């Protein structure tokens, strides 16, 4: 399940290309998450409006995508590089780690919609593996 050096380069290249639309991808992915998996709204009960496309959902989606971009920069050591985020999600926020995989799926859908030509099968495989490793790194402190 590890990424080859070619796949790491593919991930970095693709994320570089989509940087102009990363906010849109993050906002749309989180909107899809709360729409398709409504149980995830329970993590955002403190928001006035947790409906798809609302300002808080959009803002948190952008923040989340920023974290994914940070992870791209730490692609060679995701577990070590994301340890504090793993601790935050495990001990403070108490997010069920299955939700990382659900959000990753929503991100893949959005990436493929917004960048249909760039989202080749090779990019799909590399980004999917990267997001799976990212989810695993975020779940590190749950063990």
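Cβ atoms are placed via backbone N, Cα and C, with glycine included.
Just so it is clear, the model here is predicted, and its values are computed rather than measured.
These come from Swiss-Prot:
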- 60: O2 binding site (BINDING)
- 89: heme b binding site (BINDING)
- 2-143: domain 'Globin' (DOMAIN)
- 2: N-acetylserine (MOD_RES)
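In the three-state DSSP assignment, the secondary structure recorded for residue 2 (N-acetylserine) is coil. In the predicted model, the domain 'Globin' (2-143) shows an average pLDDT of 91.
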